[in-house]
Structure formats: structure tokens, C-alpha cells
Amino acid sequence: KIPCGESCVYIPCISSVLGCSCSNKVCYKD
């Protein structure tokens with residue numbers, strides 16, 4: 001997993017368009 005440098009505590013991952021998903025309050029790319 002690669003951290004996308006974004007948190008998803010209050011809002012979803014904006015970086016999800018790049019393939020990132022929320023895991024443990026942080027956005028990761030598999």
C-alpha cells in the first residue's frame with residue numbers, strides 16, 4: 001500500500017480518482 005498523502009476522517013478521498021481508497025483514516029493506493 002502506498003499512502004496518497006490525504007486523510008479521509010471527515011471527507012472521502014478526493015484522490016480516489018487516482019485509485020486511492022480509505023483505510024484507517026488515511027487514503028492508500030493498493
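Along the chain as shown, residues are numbered 1 onward.
Backbone N, Cα and C define each Cβ position, glycine as well.
Features of the protein shown, as given by Swiss-Prot:
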type     : residues    : note
DISULFID : Cys4-Cys20  : disulfide bond
DISULFID : Cys8-Cys22  : disulfide bond
DISULFID : Cys13-Cys27 : disulfide bond
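Features per Swiss-Prot, on structure.
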| residue | record | DSSP class |
| --- | --- | --- |
| Cys4 | disulfide bond | strand |
| Cys13 | disulfide bond | coil |
| Cys20 | disulfide bond | strand |
| Cys27 | disulfide bond | strand |
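Counting only residues at least six positions away in the same chain, the Cβ atoms of Cys22, Lys25, Val26, Cys27 sit under 8 Å from the Cβ of Cys8 (disulfide bond).
For Cys4 (disulfide bond) paired with Cys13 (disulfide bond), the C-alpha to C-alpha distance reads 9 Å. In this structure the C-alpha atoms belonging to Cys13 (disulfide bond) and Cys20 (disulfide bond) are separated by 7 Å.
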